[in-house]
Structure formats: C-alpha cells, structure tokens
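Peer 1: Dropping a structure here in structure tokens format, bear with me for questions.
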Amino acid sequence: MAKWGEGDPRWIVEERADATNVNNWHWTERDASNWSTEKLKTLFLAVRVENEEGKCEVTEVNKLDGEASINNRKGKLIFFYEWTIKLNWTGTSKSGVQYKGHVEIPNLSDENSVDEVEISVSLAKDEPDTNLVALMKEDGVKLLREAVGIYISTLKTEFTQGMILPTVNGESVDPVGQPALKTETCKAKSAPSKSQAKPVGVKIPTCKITLKETFLTSPEELYRVFTTQELVQAFTHAPAALEADRGGKFHMVDGNVTGEFTDLVPEKHIAMKWRFKSWPEGHFATITLTFIDKNGETELCMEGRGIPAPEEERTRQGWQRYYFEGIKQTFGYGARLF
C-alpha cells in the first residue's frame, strides 16, 4: 500500500476552492467492501474459455474474505483493498465429460500490481488428468487477471465521485487519467463503401462505411462484450458507462465516444446513435451491428451512416483498432488455440 504523502500524482488535487479545512488534514472515508464483494463475484462468474478440447467456466465463488475502502486526505485519494479469494471451476470436454477444479487468489491487494497478483489453478481431489487444466491455466488465468484489473479500475472510478471538490482554478480533476482515443493509422480489412455526401443532423457532408470481421466466439458472447460495462472497459482499457436497453445512454474511451442504444436484439443486432467528441455538436451517426453465426464463429457486420465526410478514415480506423482488434486481443477471439 502506498505511504502517506506518496502515490500516483494523478490522484493529487490542489487546495479546495471552498477553503474548507485547507490547512488541516481532513479525512473522508468510503467503505467499498460490499460493492467490491458483488463486483468481484460478477466479474469472476463471467469468466469462460473454450478451445478444441472443450470449455471451462468459473461456477462458484466459495471464499471472498477481505475489505476495501477509499480515503481522501487533503486532496489525496488513498485506496486500500485486500482480498483472499477461492473459486470453483467446471470443465466440459468435447465428449461431454465434466471435471471440477479450484482457483486460489491469495494476494489481491493494493500492495500488488495486477501482474503481481497470484492466481493458481488446480483440479479437485480425485479428478483424473485433463488437458482442460492447461486451458484454464493459460486462457482462464488471463481472463481472471483481466477481471482483477477491471475491479481495480472501477473501484477507482465509481467510488471517487464526490470525494474531491473543485480546485482553486474551478476545474475538477480526472481521477483516472486514461488516454483519449488516438488517431494512429491502421489498415482496415474492408474496402470503403462510400455513399454520396449528403446533409444530416447539423447539415454537414456525410458518408457511409461498412466493415466485416470474424470473431472466434459465439454471437451470444460477442453480444455480451458490446453490452456489458465491465467487458467494454476491459477491451477499451478505459472507464465506460452504459445502459444496454433501448434509449439507454453510453459513454466510453474517456468520454471521447458517446451515444444511445436505439434497438437491441440479443445475439442478433445492435443499433445505436454514436459520435466522437470532436464531431460537430449535436451530430450523431447511426451505427448498426449485425451478428451472424458461422458454426462456432461470428461474423460481425458493422454499418455506419451519417459519418462526417472528413472523419471517414478516422472512424474506420477507430472501429478497426479500438473495437475489433481490442476485443480480439483482450478476449482471445482472434486466433485458434491448439
């Protein structure tokens, strides 16, 4: 745990604008233990991995001992969390044989980075050997570690609200300091599909783009990735908030992407109003995602209408890099496992 007066400068704020207790140490403490318990259970129980040997999933959280809290001392946020965790997992081979096992995480604490958290996987007593253990130790542990990272990230975003007041210059401090969406170039797989420029929304020239990508997962799982807050935060590596219902709002990638869901059909279709922060005020594109089952794989068809014409290539690159490649790298949906 960080020492008093030390820590990440992103969490340090200036003297308070209201001058309250400016020259004294002032404590504000928030207990995050109950929230952490539910958040960790949700994240761990969502872990599922699969390859040609079969599939594995976390089925039970049978021990979750510890506590979490946040302290604000004169503008410095100090996070404390310490957990000992035991999970049960079940593996099912392609032939239908089931295996039981355990996961132990003895040192999830603020004193360890995500990479330093120990995660051990084992078979239950008297279970025969199976190659599914290797699947769980490699891909399962990867997703468990990502779940730990999401927990830490959301702890530092959801529970800091209201704990730091505006600074003397009237500005608030961004407690996370995540990078904004960048505009590096990358080669998209699909060729441009332009429509004739036409005015829409706030009368600007617009165009249409289409992209197709194949993911090595089911439509059900890929749909969850786009509609579950924790999973969106995982593949964007930044805070996000979303309500996956018709009319539900979303914002992600440090507020650079915002919008509203207009239609959702689980495992089949998502339609949304969508915009970059840099676009003209009030202008949204219409994005449609169609999920097509391809015998264990999913073909995702993305169509974007009303894209500002000067933003066509940036939007295409953003979807290819931050959505498609981000999802594949985070969840392992881009390459077969042998």
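Cβ atoms here come from the backbone N, Cα and C positions, even for glycine.
Pulled the feature table from Swiss-Prot, pasting it below:
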| type | residues | note |
| --- | --- | --- |
| CROSSLNK | Lys182 | SUMO1 cross-link |
| CROSSLNK | Lys203 | SUMO2 cross-link |
| MOD_RES | Lys3 | N6-acetyllysine |
| MOD_RES | Ser193 | phosphoserine |
| MOD_RES | Lys212 | N6-acetyllysine |
| MOD_RES | Tyr223 | phosphotyrosine |
Peer 1: Could you tally the C-beta atoms, other than its own, that fall within 10 angstroms of the C-beta of Lys212 (N6-acetyllysine)?
Peer 2: 14
Peer 1: Taking the Cα atoms as reference points, how far is the residue listed as 'phosphotyrosine' from Lys212 (N6-acetyllysine) in Å?
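Peer 2: If we compare the Cα positions of the residue listed as 'phosphotyrosine' and Lys212 (N6-acetyllysine), the gap is 15 Å.
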Peer 1: What number of additional C-beta atoms lies within 10 angstroms of the C-beta atom of the residue listed as 'phosphotyrosine'?
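Peer 2: Taking all protein chains shown, the residue listed as 'phosphotyrosine' has 23 Cβ neighbours within 10 Å.
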Peer 1: Reduce the DSSP letter at Lys212 (N6-acetyllysine) to three states and note it down.
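Peer 2: Its secondary structure by DSSP: strand.
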